[in-house]
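As recorded in Swiss-Prot:
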BINDING   30-37, 147-150, VAL176, 184-187  ATP binding site
ACT_SITE  HIS37  active site, proton donor
BINDING   GLN61, GLN153  (R)-pantoate binding site
BINDING   GLN61  beta-alanine binding site
Amino acid sequence: MQIITEPCQMQAVVEKLRLNRQLIGVVMTMGALHEGHLSLIKQARSLAGTVILTIFVNPKQFGPDEDFHRYPRPFELDASHAKAAGVDYLFAPSPEAIYPEGFQTTVQTGAVAEGLEGMKRPGHFNGVATVVTKLLLITKPHIALFGEKDAQQLAVINRLVRDLNLDVRIIGAPIVREENGLAVSSRNIYLSKEQRESATVLFRGILHAEKELAAGRTDLAGIAGEIERMIAGEPECRPDYVCFVHDNDFMTAETAEPAGEYRLLIAAYAGTVRLIDNRRFTT
C-alpha cells in the first residue's frame, strides 16, 4: 500500500491507472476506521481493480461548536487497518493541501440539504459537497462507495453527481451495526457503558416503526412521535429529531401512501455524543 499526501501526486497515479484501464474504486473517510469503513473497503475490493482510501478530517463540514479538534485521528492504526483490508493507495492530504491559501470556491447544495442535518448544522453539507467534489476530481474513480448511515449526505452526493455530470458511479452500502443494534460510528468510542446501552433506543425505535408499518399504520408523524418519546425516556439520551421523509427528495412525509418509499431518520444525543440512524421503508 502506498501512502500519498499531495493531490498532484495522487492525480498522476490515477492518470496512469486509467491509461492502463484499471477500474478505480474510492472510499472516502475521516479516519478512525471501524467495521463500517472496512465493509466499504471490502465491497470496493470486490468491484474494482484498484482501491483508494482517503482519510481527511474536513474542517469545512464542522460547525464552530462541533468536535473538529477532538475528532479521533489514529493515523498509524488506520494505515495498518487499510493495508490489511487490501487498500492499494491511502490518500491522506493535509488541510493546507486541500484548501491552500486563497481558496475561495465552494459547492452550494440545494433543497435536499436544507432540512434535518442541514438545518441543525448550517453549512455542513456545503462543506461535504465541496470536499467530495475535490476528492472525486483528485482520485478520478469509476465508483465511489458511501455508507447509508449518513443517508442525507448520500442523497446530497447523489444529487451533486447528477447535477454536475460527474463521471462516477455512487454506491450506497448498508449500515453496519454492533451486536446490540447500535450503528457503528467513529464517535461511539466517546460513549460510556451506560450511554452505549441507552443509545440502543435508536435501533429499537427503528424496529418499532418496522412493526407498526407492517401492521398497516399510515400515520408516519404519529410513529415518529412515539419514537421521540422512547428516546426521551432513556436516562442517558435526548432526541434531536425523529422524522419520516420521502426517500427520493428528503421532504417531510406525514402520512404513508400505498407503494410509497420513505426513510425514517433519527438523530439523538447520548450524553454529549450526537448519533444518527435511519432505515428505508416501502409501504
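Placed from the backbone N, Cα and C atoms, the Cβ positions cover glycine too.
Of all the recorded positions in the record (HIS37, GLU148, VAL176, SER186), the one with the smallest CA separation from GLN61 ((R)-pantoate binding site) is SER186. If you take the Cα of the residue listed as 'active site, proton donor' and the Cα of GLN153 ((R)-pantoate binding site), they are about 16 angstrom apart, rounded to a whole number. DSSP assigns GLU148 (ATP binding site) to coil in the three-state reduction, placing it in neither a helix nor a strand. Of the recorded residues, SER186 (ATP binding site) and GLN153 ((R)-pantoate binding site) place their C-alpha atoms 16 Å from one another.
Here the CA atom of GLN153 ((R)-pantoate binding site) lies 14 Å from the CA atom of MET30 (ATP binding site). In sequence order, LEU77, ASP78, HIS81, ALA82, SER186 are the residues of the chain that are 6 or more apart from LEU33 (ATP binding site) and have a CB within less than 8 Å of its CB. GLY36 (ATP binding site) sits 16 Å from GLN153 ((R)-pantoate binding site), taking the Cα positions as reference.
For VAL176 (ATP binding site), the same-chain residues that are 6 or more apart in sequence and have a Cβ closer than 8 Å to its Cβ are HIS34, GLU35, GLY36, SER39, GLY147, ALA183, VAL184.
The Cβ of GLN153 ((R)-pantoate binding site) lies under 8 Å from the Cβ of GLU117, PHE125, VAL128, PHE146, each of which sits 6+ residues away along the same chain.
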